[in-house]
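Trainee: Here's a structure for you.
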Amino acid sequence: MKLKLHSKMYSLLLMAMAGPTGHVIAEEFPTAKVNTTGLAVTDTTVTVGQLHSITGTMAISETGSVEAERLAIEQINAMGGVLGRQIKIVQEDGASDWPTFAEKSKKLITQDKVACVFGCWTSASRKAVLPIFEKENNMLYYPTFYEGLEDSKNVIYTGQEATQQIIYGLDWAYENLGARTFYLIGSDYIWPRTSMKIARAHIERYLKKKDPKCKVVGEEYYPLGHTNFGTLINKVKLKKPDLMFTAVVGGSNVAWYKQLKAAGVTSKKYDMLTISTTEDEVLGIGGVNCEGFYSSMKYFQSIDTAENKAFVKAFKARWGDDSVIGDVTQAAYLGPWLWKKTVEKAGSFDIDKIAAASGGIEFKDAPEGFVRIHDTNHHLWSKSKIGKFLKNGQFEIISTSSELIEPNPYPKGYQ
Amino acid sequence: MFDEYTFEELKAILIMQSFGGLSLLCIYVLMGLGLYVVFGQMKVINMAHAEFLVIGSYTMCLASKFVIEVMPEFINYYLWVAIPLAFVVAFIVGWIIEWILISRLYHRPLDTLLATWGLSLIMQQCFRTFIGAREMSATLPEWLMGSWAPTDIIDIPINGLVILATTIILTVGLVFFTNKTRWGLRMRSTSQNRQMSQALGINTKVTDRFTFALACGISGIGGAFLTTVVSTSPTAGTTYIVDSFLVLVLGGLGSLFGLVISGGFLALLSSILEFFMSGSVAKVWLYLIIFVVLAKFTKGLFSSNIRS
């Protein structure tokens, strides 16, 4: 019964979204013209790949991205598809295993001849498939916020790179929380380490100029899956930083917040700004355990715009009322839309033409608000936001950057 | 490095660090206890041990979910039902698994290793399929999640106190059970001389089944308490299993006293190391030291004489 209701509501929504927009007719774009490189494009369909972990440890995180991409593709199909062609999906499972990601991406590109791939989540999986996308010349739409230091012709990065998230967050904490001393804490792998390097450089080179009292009082990394933070919490208590700046991920996250609460380190006495905890993670942590701390992201489910409300409604109608939407899920939703806009601008599915046409592509009605692909690197201009954790697992948006923040994957002065 | 801090502050940190170490000891013991019973009494290496911890955690999570939806006014008390329930569920699953799988493999220790590892994979997939791939957390009563602050700077986690009490009760209870009760006597005699026990009229098959199920039940309780510290996911067991074996092997495989001492040794070491260096580096040193200790004491700190 519940299911029936969902699908009914969902199709109504789809119809509403498809609305009066004129359908592009495939005949205007003959296949021979829009596809000169042998991709899987016919007169009525175009095939794309989807490559996430459906099994293994990363399945928990990647499920939201899979769902968001599917939703976007279904909505695009309901509006008439891309250049009059319905999108078909070939889905492969990366199985949380990086060589499998590489193998499956090769299969998608060389056997299925997909027109592009929406996929990957961890930096490790992206690094594993990158050489294949570059060699076979295909396009990856990658949704996760990540460490930067990369810019490929064959990847569109729909999440934020490190500087967009970190610098805005630290400046905000400096201005609004009066943060002068910082304790940097992360899980031990490439993303937190690179992020903290940028954070340290920003504190020591830029914030220090404004107020010489600014300094990093501690910087620590714990192995992935580490679950005992008692000692670290005591060190934090001893050094009394104005701000804990954290990038703890996965199962460790839950242990971290629970133990903070149990040790009396709550938002009443301490401030914390995280760049790793979204609504998705809060499901596992429990809202009461992180209430009052802050998160620096470009998207929160609670964004109060008509576009976002429509997106949240459609997502819940499609995937169930219990679903929550975190930053990465929304970024994954952008992928198919940006690809559609790029293909329409280029008037072609050819990878080289898409790569060339990507710069300057705009998505005005994105759930997070206006975004634009950068003219020279393949990242998005986006607005950073600060959210405050609420008890119910959602965020109250405290601050939004006034301007779009330029993506800067190779930040000078931060290396 | 301590110049900038007052004596009061350092004293407070020392107290909190000591208590943190004590809690860690308890967690190590809770993790290792079930493994110790199965190995110590039955000489079975149970690679699926951690999954029984996870069963306990899931029981706790699902119980809290049920209470919140059906009778939210009991949220402060449901613990006292959920913990015995975790024991019962893990006990029953253990009973069934011993009957179907383990009982057929007693004379083939290496096959047991492989079979229980396979079992752990099956159980992980069952959690994923029937409960869901997402991480879960038990909603705990407010009083359990707070801290007790005797002075301004000292905070003692209340869940740590509860875990401490549970560990003491479980350990003492287990010693009492094995040494002072009929069932305990049967367990010990079966583990010392199976044929003689059979000749004396002890049903060793049922004893084995009971021992295995008991160990699983104890792990269930351990798992239920782990939810106060960490979250639960289908693969949570993979992180517990290493620590469980570490504490058991270091303690000398099958000595309860050794288990507690090695738990204390590990807790002390990691508390000190982590305090003076960053987390990952501390971990490297921890394993290096364990390596040296095991190279010196090849049978662990306290080796037992059971079935030598």
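Each Cβ is built from the backbone N, Cα and C atoms, and glycine gets one as well.
TrEMBL: automatically predicted annotations, no manual curation.
Since we're looking at a predicted model, the values are computed, not measured.
Sequence annotations record features per position, and here TrEMBL assigns transmembrane segment to B:12-38, B:77-101, B:153-178, B:210-233, B:245-272, B:284-302.
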Trainee: Top stretch among B:12-38, B:77-101, B:153-178, B:210-233, B:284-302 for CB pairs under 8 A with the transmembrane segment (B:245-272)?
Mentor: B:12-38
Trainee: Report, as numbers and ranges, which residues of the same chain sit near the transmembrane segment (B:210-233): CB under 8 Å and 6 or more residues beyond its ends.
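Mentor: Residues 27, 30-31, 33-35, 37-38, 41-42, 44, 46, 49, 52-61, 82-83, 86-95, 97-98, 102, 133-138, 140, 144-145, 159, 162-163, 166, 170, 174, 183, 187, 190, 240.
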Trainee: Can you name the far-off residues of the same chain, 6+ from the ends of the transmembrane segment (B:284-302), with a Cβ under 8 Å from a Cβ of it?
Mentor: 246, 249-253, 255, 257-258, 261-262, 265-266, 269-270, 273, 277
